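According to TrEMBL, the protein has these features:
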- 45-112: domain 'Peptidase M12B' (DOMAIN)
- 50, 54, 60: Zn(2+) binding site (BINDING)
- 51: active site (ACT_SITE)
């Protein structure tokens, strides 16, 4: 099924399959305020950031703006997500596009919830140390750098 216009799909570094999908400027639209991300380990955070950028109004660097020079440097809004834990940044175009649209997203200032929830003794989910997270993503023998 083809993707609708204005909804780029993030490609992995290998380009073999899409890892994410989000409508550009979808924030605050009833049927477009979402992003889909294929969970594939901790590096999926870059795809999630990329797709969130689209929902907030950011285009791919070098396609609809003049930030092609940022792509090989690991820009998060590169057409193909190539950011790594050692090389990632938001380009000047991403910053400009965010500031162009951010003030128009009134839903981000809306607080429709009553926050009378009971306090939980412990948050749901699991707690993993930084060393455990490194081993999950990179394998045995890896740990957080303390230098």
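Cβ coordinates are placed from backbone N, Cα and C, and glycine is handled just like the others.
Curation plays no part in TrEMBL annotations; they are all automatic predictions.
DSSP gives residue 60 (Zn(2+) binding site) a coil state; it is part of no helix or strand. A simple Cβ count within 10 Å picks out one of the binding-site residues 54, 60 as the most packed, and that one is 54. Counting residue by residue with DSSP, the domain 'Peptidase M12B' (45-112) contains 34 helix, 5 strand, 29 coil. For residue 50 (Zn(2+) binding site), the number of other Cβ atoms no farther than 10 Å from its own Cβ, over all displayed protein chains, is 27. The Cβ neighbour count for residue 51 (active site), using a 10 Å radius and every protein chain shown, is 25. Here the CA atom of residue 60 (Zn(2+) binding site) lies 10 Å from the CA atom of residue 51 (active site). Mean pLDDT for the domain 'Peptidase M12B' (45-112) in the predicted structure: 91.
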